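The block underneath contains the structure these notes are about, expressed in structure tokens.
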Amino acid sequence: MNARASGNKAYVPTDLEHIANVLTHALSVIPSLIGMFLLLQRSDDKWKFFSGVVYGTALVALFFVSTFFHYVFYTRKFRSLKEILHMCDRAIIYIFIAASYTPWLLLKDTEGNFWTRNLSWIVWTMAVLGIVYQYYFHERYKTLETLFYLIIGITPGYAWFYVREKSGLWELCIGGLVYITGVMFFKCDGRIPCAHAIWHLFVNIGATIHFYAVYTHLINANDQPKEIMS
């Protein structure tokens, strides 16, 4: 374990930590591709298919971009590419959070009010704003950046109170708690050995729980999706 990063600098992992960072997300690339295939294969209407494309693409992108970034970082070459991939790695988190909620917000039937009808737009708008923030303030105000991730991840929980049929929502909450627990390690580089790799493992677990919930309770469910954006 190396010393903690100071100021606006990024933490520099040891060789062992670099390898752990690469492997812990590389092991999820192929399963995420298989998962996306299953989502699309089992989609029996246009909204399930659309949800599967959005969620599945973000799932694959999360693990692929993370793996590619950490590999390039480990090689200590292609510095410009490494910086671009680092920004993409952070930006894809915003996209993944919004995409993870998209099937729930599109396919679950909710009691109609302004906020529940437009929550999908709100979450995606927040994700776009987060990406813009990441572009202009990369590696600055890191605590604020983490807070933004948490806010975007928690905000859609508002819809919980208005969903008529709650199957799968407990899995959604459990997966969310796994992610939130993992954030503690996300902020512990230089304090806990392989902290970032441990964070990756929490992401793997949370993503697995959420995929199971989406596949079982939404995509593979027999109920008809609600009418949306009408």
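We count from 1, first residue shown onward.
Keep in mind that glycine also has a Cβ here, set from the backbone N, Cα and C atoms.
Taken from TrEMBL, the feature Zn(2+) binding site covers H70, H196, H200. Proximity of H200 (Zn(2+) binding site) to non-local residues of its own chain (separation of 6 or more, Cβ distance below 8 Å) is seen for N21, T24, H25, S66, given in sequence order.
The annotation transmembrane segment is assigned in TrEMBL to 20-40 (among others). Outside the transmembrane segment (20-40) by six or more residues, the chain places 13, 49, 51-53, 55-57, 59-60, 62-64, 66-67, 70-71, 73-74, 194, 196-197, 200-201, 203-204, 207, 211, 214-215, 219 with a CB less than 8 A from a CB of the stretch.
Feature annotation from TrEMBL assigns transmembrane segment to 52-75 (among others).
As annotated by TrEMBL, transmembrane segment applies to 87-107 (among others).
Marked as transmembrane segment by TrEMBL: 119-137 (among others).
Residues or ranges marked as transmembrane segment by TrEMBL: 146-163 (among others). Long-range contacts of the transmembrane segment (146-163) within the same chain: residues 93-94, 97-98, 101, 104-105, 108-111, 113, 115-116, 119, 122-123, 126-127, 130, 133, 169, 173, 176, 179-180, 183, 186-187, each at least 6 residues beyond the stretch ends and with a Cβ under 8 Å from a Cβ of the stretch.
According to TrEMBL, the feature transmembrane segment maps to 169-186 (among others).
According to TrEMBL, the transmembrane segment annotation covers 198-215 (among others).
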In contact by Cβ distance (the transmembrane segment (169-186), the transmembrane segment (52-75); 3 or more pairs under 8 Å): no
Beyond the site residues H70, H196, H200: chain residues whose C-beta lies within 8 Å of the centroid, for Zn(2+): A20, N21, V22, T24, H25, S66, A197, W199
Long-range neighbours of the transmembrane segment (87-107), counting only residues six or more past its ends (CB under 8 A): 47-48, 50-52, 54-55, 57-59, 61-62, 65-66, 69, 119-120, 123-124, 126-128, 130-131, 134-135, 138, 145, 148-149, 152-153, 156, 159, 168-169, 172, 210, 214, 218-219, 225-226, 228
Chain residues in Cβ proximity to the transmembrane segment (198-215) (below 8 Å; excluding those fewer than six residues from its ends, i.e. six or more beyond): 21, 24-25, 27-28, 32, 35, 38-39, 42, 51, 55, 59, 62, 66, 100, 103-104, 168, 171-172, 174-176, 178-179, 181-183, 185-186, 192
For the binding-site residues H70, H196, the one whose C-beta sees the most other C-beta atoms within 10 angstroms: H70
